[in-house]
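K.L.:
Got these off Swiss-Prot a minute ago, pasting:
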- 12: active site (ACT_SITE)
- 131: active site (ACT_SITE)
């Protein structure tokens, strides 16, 4: 029997408070992280993801406190990411109570960090976040765009971005997904920058291509505005988990409602 699909609220944390932006811009305050996480835990979340987008050292210290407070009353897997740059950052997050640590920019700049962390803490603790955006294929990218797609507007590829989705790098997202699996990552957190915050649905094509390319679990992220979008990403892209923020933070749907919607449409989920 196939594993149950996971529903994961994402909490973007800045200076100890939860915020949510549209396409990584225009942040809104959505409350206390530990309280929100506990609310989602009680209402059937399968996991929690904290992404720390603080810029200051003080914000980073506040994040450790958030993780510690959350771990005292939330008993589902918790992933922490944002600002992770070395093995000591992994250790700090795990010691505070995280079950998994998500790394993005530092992994692109130093891929050996993935294997180093996996060797020390185990692959199950290592999540590589991949932020990807579809871009028109230009001649200067043909040597790095290993996977090329086309539509009525022409050819395009999925490009990796770092530093919170602000900075493009010459790296094909599907190639990078394969590489992080080889290096020992236990899971991929895949965000479509195009879809993030729009509430118009996940990027099915991007998610499907990455899921087909790797054997480790893939969490789809970016664009969820309705439970039907989760049905699509599970059935059409075969994602292992769906991450969402806006639809939960502002009370648009409860996790119970989402799971009921999925179950009615034949998607296996853990019941609340």
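Quick reminder: no glycine exception, Cβ is built from N, Cα and C everywhere.
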K.L.:
In sequence order, which same-chain residues at least six apart have a C-beta under 8 angstroms from residue 131 (active site)?
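P.N.:
Set apart from residue 131 (active site) by at least 6 residues yet with Cβ under 8 Å, we have 104, 160, 161, 162, 164, 165, 191, 193.
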K.L.:
What is the total of other Cβ atoms whose distance to the Cβ of residue 12 (active site) is within 10 Å?
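P.N.:
23, counting other Cβ atoms within 10 Å of residue 12 (active site).
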K.L.:
Name the secondary structure element type, per DSSP in three states, that contains residue 12 (active site).
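P.N.:
SS state of residue 12 (active site) = strand.
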